[in-house]
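Per TrEMBL, these features apply:
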- A:14-24: compositional bias 'Low complexity' (COMPBIAS)
- A:25-35: compositional bias 'Polar residues' (COMPBIAS)
- A:83-206: domain 'Caspase family p20' (DOMAIN)
- A:227-322: domain 'Caspase family p10' (DOMAIN)
- A:14-39: region 'Disordered' (REGION)
Protein chains: 2
Amino acid sequence: MTDECITRNFSLLNRSNSGGSSNGQTKSNRSSIIDNTDAKGCMEGSSGGATGTGSGVPSSINKYVARMPVDRYASEYNMNHKYRGQAIIFNHEFFDIPSLKSRAGTNVDAEELRKALKSLGFDVSVHKDCKLRDILKYIDKAASLDHTDNDCIAIAILSHGEHGYIYAKDVQYKLDAIWHYFTAHICPTLAGKPKLFFIQACQGDRLDAGVMLEKNGVTETDGESSMSYKIPIHADFLFSYSTIPGYFSWRNTTNGSWYMQSLIQELNTNGKKYDILTLLTFVSQRVAIDFESNVPSTPLMDRQKQIPCVTSMLTRILRFTDKPSGNKAG
Amino acid sequence: MTDECITRNFSLLNRSNSGGSSNGQTKSNRSSIIDNTDAKGCMEGSSGGATGTGSGVPSSINKYVARMPVDRYASEYNMNHKYRGQAIIFNHEFFDIPSLKSRAGTNVDAEELRKALKSLGFDVSVHKDCKLRDILKYIDKAASLDHTDNDCIAIAILSHGEHGYIYAKDVQYKLDAIWHYFTAHICPTLAGKPKLFFIQACQGDRLDAGVMLEKNGVTETDGESSMSYKIPIHADFLFSYSTIPGYFSWRNTTNGSWYMQSLIQELNTNGKKYDILTLLTFVSQRVAIDFESNVPSTPLMDRQKQIPCVTSMLTRILRFTDKPSGNKAG
């Protein structure tokens, strides 16, 4: 046996948008073309390295089927379901952990974010100072709902954090503990729909001092394509972090965090105008340019900068277009 | 002393695009508003937790200054420099490490990517089967160049990988080892310009079996703003990974990897039409929908899916608009 795998490439002939095979290659249904994976592990042993504990997914998973929320080659997500969908805000101000100070300003963030998401049509719930078991209870409940008539889901977490971890009221946890509830095989009514995460929390204790810049000079949705299609279970997630891994995330005790202030302002100003990745690019611009810490008494903390970080597994353009009135909440 | 930090918020009054403060908040130059960082560490001790080894950045960094490549609130990156910029492709086929098999198909990826980047105006160089010391030599040399007349820089790595690591010919390394060369304080002539990374490599040995979806129903650039402004040193990076952390990345021994085939086809078809995040969303759509592994003899590897992953710290829209002929390479 070899580690080399055969690709089905089953649909290349049927692709209709974006101009098809423009680079001169002719595509066809190839049933015997050799594939590899680019993993060290895949190259060893008789089973191609994928039978170890790392693979994690039994072949029986191939049976999973979900309803198609949008045509196969649509360039935009379908945001025309009856409802926009659920938005859940986990707002953390006070902690049981002695080393964690209360997060003054977070209630401004939570309230402004609630209003911004509501005006985009979300059915918003806010949960204050939850212990991890309660967070998981709400997440499990949300993942168990029928989202058939909803466009998407949004989860926001406002808390303390450090590298790789976020704090609940009582313990720290990894974001993985939450977002895996919404993978397409576990939550099929959200399969093929955007799953949005907004995280306001530190990802470490490093500081970004910045660089001064000085002046010097100066698809539309496809028509019909009724074939069934298969998507990766991890597709259609988006994670918007307030800061990059390893770094501080700043919060103003009166106005809320730099990131949440910026996110809320962009959602309110351009939320229905631009797609989400453009919106979040402008959020990054606001945070990166408009804010700077001022702690002259602590030189190491003084005049520091922050850059948010977006990680996207989205497969289509996402735009919060208007809904008919009366269908504002899901 | 307290951990609470004072925010300068120095420029909120001057913000001119995107409608400003639309959420009813009035902004002003506040010199005494209290800030926190959302880190556990920041709350302890007399120095706010930022004096540990984690902070890494001396306060003297505040002196770093670079040339402003674009107006402060421009919504798009300035892609009208004399040259597009350097593109460096590290193409790995053969390895000194016995467990790593040769990567058949990678030369197709490298050659097609070279042509695609060249047609977007990049000055492309391809380095084959480099040892780590040679990779670092080329990276160091590139970071030392004067990029004043260039729009941006692009680095592509085609190799084996596993969680958190990429393989050079001789040893594994972290992507951090490369991209830190281009942070704004180390490479000031790229400050405020896009720094693009395209990574074709496994990030682990997990498999994504997918879910079947079945049919059921249905900025423009600002005008003048001549003030100097400060940006985070980590702003303006973009990382486009072929797969998500922990997962396999698939490669066809004849046609090249699923991700590179898709990236190249999008660059060739829509490279000058859409912004980079829209382009990469469509790359993800191609990989997620068009490809599926076919290894009936190894059920665990059979009919598996893949989803790419984009991590963006961009602060403006990036579009590879046409350059005047004669200025194709930088």
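Even glycines carry a Cβ here, placed using N, Cα and C.
A TrEMBL annotation is a machine prediction, not a hand-curated record.
Taken together, the residues in the domain 'Caspase family p10' (A:227-322) have a mean pLDDT of 89 on the 0 to 100 scale.
Here the domain 'Caspase family p20' (A:83-206) is broken down by DSSP into helix, strand and coil counts: 37 helix, 34 strand, 53 coil. Helix, strand and coil residue tallies for the domain 'Caspase family p10' (A:227-322), in that order: 31 helix, 22 strand, 43 coil [DSSP].
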